[in-house]
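Each remark here refers to the structure printed beneath this line.
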Amino acid sequence: MKVLAAMSGGVDSAVAAARAVEAGHDVTGVHLALSAKPGTLRTGARGCCTIEDAHDARRAADLMGIPFYVWDFAERFTEEVVEDFVAEYAAGRTPNPCLRCNERIKFEALLDKAIALGFDAVCTGHYARLEMVGGRPELRRSADLGKDQSYVLASLTEDQLAHAMFPLGDTTKDDVRVEAASRGLSVAKKPDSHDICFIPDGDTQKFLAGRMETKPGLLIDDATGAVLGRHAGVHEFTVGQRKGLGLDGPAADGRPRYVLALEPVSGNVRVGAVEKLAVTEISASSPVAHVELDGPVECVAQVRAHGGTAPAVAELVGGVLRVQLREPLKGVAPGQAVAIYREDAAGDIVLASATIDATS
Amino acid sequence: MAYLDHAATTPMHPQAVAAMTEALSTTGNASSLHTSGRRARRAVEEAREDIADALGARPSEVLFTGGGTESDNLAVKGIYWASDRRRVLASAVEHHAVLDAVEWLERQGAEVTWLPTDRFGRVSPESVAEALDDDVALVTTMWANNEVGTINPVHDIARLCSEHGVPFHTDAVQAVGAVPVDFAASGASALTMTGHKVGGPYGVGVLLLARDVKCTPLMHGGGQERDVRSGTLDVPSIVGLARAVRISVDEQASRAVETAALRDELIASVRAVVPDVIVNGDPVDRLPGNAHLTFPGCEGDSLLMLLDARGVECSTGSACTAGVAQPSHVLLAMDVEPALARGSLRFSLGHTSTHADVEKLATVIGPVVERARTAGLAGMRRSRKVVKQ
């Protein structure tokens with residue numbers, strides 16, 4: 001196959017590309033330049049779009065003897081990921097930009113271009129297992145459950161997955177590093193990237209404050225309706241947040257208070273006791289189903305990239321995925337994705353993904 | 001493989017390789033006073049005289065540097081620093097070695113006027129005349145544009161500058177060996193050229209600096225090169241450079257005719273399969289080896305990759321550190337639409353180019369453009385999901 005390997009400059013995508021080469025594919029490496037302001041060496045290696053990262057990707061490609069190019073997707077990335085991120089927060093929702101980037105950049109903008117240019121697949125260093133079963137792609141959790149990224153891939157359509165290649169799904173991160181070293185890849189010991197690549201200093205609130213209209217609002221006690229204080233804008237809060245609420249003290253009952261809901265229209269933030277965070281019902285829209293969902297299905301639901309799983313019953317009704325959790329989950333916010341899995345000893349199988357609209 | 005990127009770098013002339021190789025196995029610092037030193041110094045001075053003769057300069061006007069970027073920086077910053085005037089006039093289509101040096105001076109307090117160009121990327125003497133006054137420290141305009149190949153009226157601009165007593169620098173990196181270049185006749189005060197564009201080695205260049213032009217050094221040290229460019233002279237590179245300059249200048253007239261014919265053949269054969277191709281730059285007054293083409297509906301990076309995979313090497317514009325194709329400032333200055341600017345490629349021919357190179361391009365360009373167009377359309381689709389509805 002003709003394979004386009006997306007190479008971030010990190011160890012995972014480098015080993016993934018090397019494995020694709022070894023499997024006999026005709027591989028071309030591409031580094032996506034995503035930063036609207038071209039990076040400098042000084043911005044460090046925390047994100048995935050610095051000149052140093054492009055250099056590391058290039059050197060890995062050199063070692064494999066494959067062609068390598070840098071493609072500029074900065075405009076698409078800004079429009080589809082960064083602006084969406086800001087808009088979602090402004091609407092009081094909690095977006096997942098990595099998921100969005102997979103959906104709209106790596107497996108849409110890049111994949112579309114790759115297919116048009118004559119490639120058969122896009123290869124990435126994601127930790128997830130993907131196989132064609134009966135002509136349909138089947139996505140499973142990675143063998144390394146600590147690194148599993150099936151959650152941020154679960155919203156890819158059948159068509160997108162049919163042209164995806166994740167060569168690292170059956171390997172642990174530790175083994176990938178060992179393999180990188182034995183292949184002589186200089187990125188073998190490069191630290192993992194964390195957080196959000198377009199917010200290199202990790203200060204999401206500062207990033208948002210400079211980009212959205214901030215509206216001051218009230219902190220309201222969810223139980224009594226009492227006004228507990230004022231705040232500079234909903235972007236400073238996330239559902240489930242406890243620290244930094246700017247409250248004088250705990251509630252009358254002496255227990256800490258948590259953010260329960262953000263109300264972007266009024267600008268108010270509702271706070272309350274920890275039990276009120278517990279969610280047992282999720283309603284999610286824009287579903288992508290990987291199997292036919294006829295009637296209620298026993299599954300495991302996941303609401304965050306790492307952790308946040310609970311046994312559940314899910315049903316697709318009129319374009320809405322309704323998930324009834326058998327154990328409550330905390331910190332479930334509208335805007336996040338819910339992925340549902342069928343438990344399987346050989347790796348849980350992704351059944352569907354949808355965007356959370358409401359919880360109770 | 002068809003190498004159609006001679007404007008990026010061109011193969012060394014075998015005679016230059018031989019001369020340089022011989023010099024590499026000879027010891028001697030050209031600043032030393034003993035026999036070996038004198039031998040090295042002699043080689044350098046002969047090279048200097050050769051280059052001066054080939055380019056219409058005096059030997060004392062030839063300053064050896066580390067290449068085009070250094071020569072440009074030395075001329076722009078050095079002449080500005082040596083002057084008590086505050087203004088700099090520079091064309092908007094300069095190579096980054098000039099552009100970024102001028103922008104840096106601007107941040108240091110210089111008052112910069114960017115000279116506009118016409119739709120071919122040519123600077124008009126009128127715009128220079130309009131901007132000139134007695135507070136101008138330097139005017140800099142390239143002899144020929146590295147991207148679109150347009151040749152500037154440098155003689156007219158030099159005359160205007162001289163009338164105002166203003167030093168005029170020209171970056172002639174693409175011009176030397178491609179068109180006739182005579183420093184004295186041009187009237188320029190300073191001229192940049194570099195080795196690897198004329199069949200000489202990398203990492204060596206020349207700044208021709210008229211004797212009466214004051215220039216503050218970028219580097220201080222042993223006082224070599226009229227005290228303007230300190231540093232031990234790179235004798236083998238200088239010897240190789242002189243050989244290449246001599247050959248390329250001697251062969252310029254006949255080579256230009258051959259190369260231009262081949263270039264016209266290239267354009268015609270591409271147009272035969274891609275009728276809507278656009279040729280950028282001046283249709284007549286252009287570098288003989290330059291064909292700068294826009295393929296509407298295509299992305300330059302797609303075209304480059306597809307051609308590369310089929311053994312045709314060209315360029316999307318100036319290469320940059322991260323390898324990202326930025327929209328060309330040259331095309332933007334020429335008022336080319338950004339979408340069209342992104343779909344442009346530079347094919348450049350040189351002294352080793354053949355009909356086979358052009359034929360190779362002609363056989364692959366049709367399918368490549370067709371495919372790149374499909375990919376370009378894919379890029380315009382906002383969303384796969386929207387398309388499906």
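Just so it is clear, glycine is given a Cβ too, placed from its N, Cα and C backbone atoms.
For the recorded site, A:C101 (active site, nucleophile), the DSSP three-state label reads helix. Around A:C101 (active site, nucleophile), the same-chain residues six or more apart in sequence whose CB sits under 8 Å from its CB are A:F77, A:V81, listed in sequence order. Taken from TrEMBL, the feature active site, nucleophile applies to A:C101.
The active site, cysteine persulfide intermediate feature in TrEMBL is assigned to A:C197.
What TrEMBL records for A:A6, A:M7, A:S8, A:G9, A:G10, A:V11, A:D12, A:S13, A:L32, A:G125 is ATP binding site.
Per TrEMBL, the feature domain 'tRNA-specific 2-thiouridylase MnmA-like central' maps to A:205-272.
Each residue in the domain 'tRNA-specific 2-thiouridylase MnmA-like C-terminal' (A:281-356) has a pLDDT score, and their mean in this model is 95. For A:281-356, the entry in TrEMBL reads domain 'tRNA-specific 2-thiouridylase MnmA-like C-terminal'.
Under the heading site 'Interaction with tRNA', TrEMBL lists A:H126 (among others). Here the Cβ of A:H126 (site 'Interaction with tRNA') has 27 other Cβ atoms within 10 Å, regardless of which shown protein chain they belong to.
When other Cβ atoms within 10 Å of the Cβ of A:Q336 (site 'Interaction with tRNA') are tallied across all protein chains shown, the result is 25. A coil conformation is recorded for A:Q336 (site 'Interaction with tRNA') in the three-state DSSP classification, outside any helix or strand. The site 'Interaction with tRNA' feature in TrEMBL is assigned to A:Q336 (among others).
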By DSSP, how many residues in the domain 'tRNA-specific 2-thiouridylase MnmA-like central' (A:205-272) are helix, how many strand, and how many coil?
-> 8 helix, 21 strand, 39 coil
DSSP says what for the domain 'tRNA-specific 2-thiouridylase MnmA-like C-terminal' (A:281-356): how many helix, strand, coil residues?
-> 0 helix, 48 strand, 28 coil
Could you tell me which three-state DSSP class A:G10 (ATP binding site) falls into?
-> coil
What is the separation, in Å, between the Cα atoms of A:A6 (ATP binding site) and A:Q336 (site 'Interaction with tRNA')?
-> 25
A correct count of other C-beta atoms within 10 Å of the C-beta of A:G10 (ATP binding site) gives 22
If one measures from the C-alpha of A:H126 (site 'Interaction with tRNA') to the C-alpha of A:S8 (ATP binding site), what distance in angstrom results, rounded to a whole number?
-> 11
Cα-Cα separation of A:D12 (ATP binding site) and A:C197 (active site, cysteine persulfide intermediate), in Å?
-> 16
